[in-house]
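The annotation region 'Disordered' is assigned in TrEMBL to B:1-20. Annotated compositional bias 'Basic and acidic residues' per TrEMBL: B:7-17, in sequence order. Here TrEMBL flags B:32-71 as DNA-binding region. The domain 'CoA-binding' annotation in TrEMBL covers B:96-196. Residues or ranges marked as NAD(+) binding site in TrEMBL: B:G106, B:V107, B:G108, B:N109, B:L110, B:G111.
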There are 2 protein chains.
Amino acid sequence: MGVRRTSGRDGVRRAAREAQAVPHATVGRLPGYLRALEETAADGAVLTSSDELAARAGVTPAQLRKDLSFLGSYGRRGVGYDVGHLREQITVALGLADVRRVLLVGVGNLGHALANYAGIAERGFVLVGLVDADPAVVGTTVAGLVVEPAADLAAVVARTGATIAVLTTPAAVAQRVCDELVAAGVVGVLTFAPCALRVPPHVDVRAVDVASELQILAFHDRARSVGGGVS
Amino acid sequence: MGVRRTSGRDGVRRAAREAQAVPHATVGRLPGYLRALEETAADGAVLTSSDELAARAGVTPAQLRKDLSFLGSYGRRGVGYDVGHLREQITVALGLADVRRVLLVGVGNLGHALANYAGIAERGFVLVGLVDADPAVVGTTVAGLVVEPAADLAAVVARTGATIAVLTTPAAVAQRVCDELVAAGVVGVLTFAPCALRVPPHVDVRAVDVASELQILAFHDRARSVGGGVS
DNA sequence: TAGATTGTTAATCGATTAACAATC
DNA sequence: TAGATTGTTAATCGATTAACAATC
């Protein structure tokens, strides 16, 4: 920890080392930059600037340049950024150079919707398996995949080589399923279950809780009506 | 801005003033604390501690106490926190004392799933309207509500008094719909569309992008395989 | 050369952590 | 009183911002 900025020779090894040092907050914004670059590319532009890209991504140009500087120096002063090249660099930085295999556990309403969500396949992932505990759902085909029983979870992970899982089970079973996923070798979990998940340090959890998001919006809504309305 | 800690007399007025000063990061964790308290209450406990509550919420006890201190002094030294009372205080702080009205725009796969998501109603919100642009969907009943046409959006906001909207439209129309929502008086937007939304300063946006979340997981996955595996 | 735009530095700001005095 | 646990302080840490030198 605390790798101090050196004068900066040896290119490749530096890039590899620095990847470790990309701040969390920056990593969280990289997907937005990638999205912005894809929009720019779709418009046919070959070159872009921190001003344009930042505007598209909804951040300040200073923030964007700072963030990109953690990945390397991929722009040209006085000129801007090559859209295709920067896109490639961010793709590599995010680990999307090769497609990641995703397993979805819990094929209820939400799981069903996510399985059919095109954005997943379009942005570097393949859905490789579906698992559910409900016998009425097991065996049905969703998004081109046959739903497999919860009892086979470990086997499905092993067979598919999934490293990332999407968890859309009821909260009551989320921790148990998560433990099984981790034991089977999954290292990233995106959970929609409204409960905290405990995982070992080598596993990464991202939690999306729709009700929590609404509650955060409610706070600001309230603050607006109660407070004097300053800014 | 920058209200300096005063010696701390006058209780009620202070609570109201300080609500303005709750840090963003703290606000983001309050829903988790509320959830943890609800679990604790369900277990029949009347009293809890920062240790227990923090464990349930997945944070450190120091973090939890610091966060709660921004709301006021609702615990008793040497004793702990009264579950019901703290729950009430956080509920009030989040602006959930009275139910917030939510409008959902975009009744596709995901919108359908969210409309039927029980967690929304259970945690302080009422779904008051559904809007979609597709004539095949308009007029159908989902989650007990009749889907209304996109052309009536402003009228639906006015009639229902919705202040918060959930946006599950395609990215291509998200900004336009968002503008209409804001013009109609909505002050909080939870969007699932994979694009940055521009809103005036008095409006709050929370964005959930499933593919972005997966990409963030991919980054850590990659860092794990490339890096030496330090921590 | 003049104008444009990056990459980096340094200053500021906000969040987290740890320790402990207050107090039940 | 002794033990427990909060609420607060101060130190640390990380993130953001703004300005500008480097350089195309």
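Backbone N, Cα and C define each Cβ position, glycine as well.
Just so you know, TrEMBL annotations are computer predictions that nobody has curated.
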Query raised in the report: Of these binding-site residues, B:G106, B:V107, B:N109, B:L110, which are close to chain A by the rule of a Cβ under 8 Å away?
Result: B:N109, B:L110
Query raised in the report: Of these binding-site residues, B:G106, B:G108, B:G111, which scores lowest on Cβ atoms within 10 Å?
Result: B:G108
Requested in this report: Average the per-residue pLDDT over the DNA-binding region (B:32-71) and send me the rounded value.
Outcome: 98
Report task. Provide the number of Cβ atoms within 10 Å of the Cβ of B:L110 (NAD(+) binding site), excluding the reference atom itself. Result -> 22
Query raised in the report: So, by DSSP, how many helix, strand and coil residues make up the domain 'CoA-binding' (B:96-196)?
Result: 37 helix, 28 strand, 36 coil
Query raised in the report: What count of other C-beta atoms do you get within 10 angstroms of the C-beta of B:N109 (NAD(+) binding site), across all chains shown?
Result: 17
